[in-house]
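A.B. asks: Annotation comment: TrEMBL describes C:6-130 as domain 'Methylamine utilisation protein MauE'. The transmembrane segment annotation in TrEMBL covers C:6-25, C:50-70, C:76-94, C:115-132.
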Amino acid sequence: MSRSTSPDPPADLLGPVQGEVSWFCCGTAWGPCSSTGKGACGTCNSGSMQHAWPNTSDACWAITRPDSCGVGLSRRTCGFRHRTTALCSGVSVVTAIADCGPQTDLFCGERSCCGATCADNRLIDLTPAAYSQIASLSTGLRPCEISAA
Amino acid sequence: MRSRRDLLKSAVLGGGAGVVAATALGSLGPEAAFATTAPAIEPGTPDPNFAEGRIRSIKENTLLVLGSNMVFHTIRVVDGTSLWKLGPVGFDQAKPGDGLYARGVRMPDGMLAAEAVWLNIVNIKGHIKNITSQTIHLDHNGHEVLCHVVAGKSVAIHSESPATSDLSMLKVSQHVQILGAWRPDTNEVDIATVFSPH
Amino acid sequence: MHGIAASQPYVIAVFLIWAGLMKLLSRRMRAQAGQTALARLTGATRAVPALRLVGLVELAVAAALLLPPVHPLDGVAAALLAAGFLAYLSYAYVAAPTSSCGCLGAHSRPVDLRAFLRAGVLLAAGLVAIGAGPYPPLAPLVLLEVVILLGLSAELDRYWLTPTRRLLVRLRRPLAALPPGDVPLETTLHLLRRSPAYCSASARLTSDVRETWDEDGVRFLVYGARERSAVFAVPLAGDDPAAIRVALVDEAALA
């Protein structure tokens, strides 16, 4: 399975990794979310403390491909807990994996900053309930640090 | 008698005599470092201080909301509550049928005292299928979403560059994230921000 | 009339050869087999063998259509195959609405109206081909039908539809910058979120923007910060995040 392993050790294996965090809706809800469903793990709900991770399975990795932006990420499966900390404010939230995403490869090299601190590439997507704990939903995209919780 | 806005203005720009507890600085000091630790919520479970759903009815300052999980929420909006609908708006902009997310403090009687309410907010990713007059046709998971450019409001952010109201740099077939306000019961969205990776 | 019927085997064969070869040779298509509606029908592990089998059947029918002698059964086989496509598309549309069809190439778009139209045209061509005799085909008709079918193929959009739309967008500039008016609030907010002032205060903010107004070239934004308010002053001219100032104010004291 050469597709699922990148030549470098995963960036999040030894310590926190910095990247961009966004939010997504899930669970059959209103608006464009109506067709989204419960996510790859079958448990995703916008109101729950959950997130999407780009490497939950081989099939997931084949879609998100963070390695094409030069980022290796560890395989973490449904229910695994990550802590996402907003850079600058230091506010953090712990969530459990409920879906596959974001599509890191489609936004390679994108950068978000707050103050003088910046982070590259989309590495995690939080549910609205989780994202709104660390930033306003209207921000849409923020730099963050991700670690295993 | 100075107006409230005058007092807020003088607090932030300096010279604000008579304003209590104002800390006017270029930025706030190390006091901010004690990031308040909210009581941890079990990961994977619903957050009791958060609500999601559609407004069924509005009575005085209270929104009755039906969640997509068929749970009813009573949400109280007060003076200190922020409301968002393609930007900050007043309470009169909340309408039955609007979708919403709300964050606040859950009271013992089950009511959510809202600190922030976001009406019809959506944050969708997809590729641009076509661009027509002031409209972006977005392919979001195989479904077309018509995204309208709103003069004076919609902006594009190309990675690190400052936000610009010039959206003409966007290209057909490129991937974007669109933050905007859904028009209830349609596949249409008014654009607040288009995030483009380059 | 004879010419019309005699043209159909060639139209169908072109499409079946394309579809069959893609299924047998495209590595990308095999890699994505698990995400097609076929995988839902056969199970993910059998998706690739099923894809190959369908490809072989398509090539066999194409060969029967092209090679003499002309036989009504050729048309029957083509019509049956096209009817099978339609049934499969209907299944995909109902059972796996977010999956791609895996018909003529690798792409991630789900089954839509164009896919149904294409299968319908192929079915009609198959039915007409049943009556085909040993007559020469009408070249312009074959060409026209092939062009219509290609136009209905979402797999090929990136070669003609996307470039055409790009060209039109470049010529018409549908999103051309509007005449400069006031600075949009989102522009101010983006600058604000990059500022050291916002950075230092963001841990205390409990609401989104509550109030905003412009005065003397400065935009003021008020956020809730627990029982206090955070007031930001953002100069409307310039884009230096360091010029932004913040104050925490006890609103109760203002009343």
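Cβ atoms here come from the backbone N, Cα and C positions, even for glycine.
Note: TrEMBL annotation is automatic and uncurated.
Quick caveat, the model's predicted, so the values are computed rather than measured.
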A.B. asks: Given a Cβ distance threshold of under 8 angstroms, which distant residues of the chain, six or more beyond its ends, lie next to the transmembrane segment (C:50-70)?
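C.D. replies: Same-chain contacts beyond the flanks: 6, 9-10, 12-13, 16-17, 19-24, 29-30, 33, 36, 38, 41-42, 77-78, 81, 102, 129, 132-134.
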A.B. asks: Over the domain 'Methylamine utilisation protein MauE' (C:6-130), what does the predicted model average in pLDDT?
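C.D. replies: Averaged over the domain 'Methylamine utilisation protein MauE' (C:6-130), per-residue pLDDT gives 82.
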A.B. asks: Looking only at the domain 'Methylamine utilisation protein MauE' (C:6-130), what are its DSSP counts of helix, strand and coil residues?
C.D. replies: 98 helix, 3 strand, 24 coil
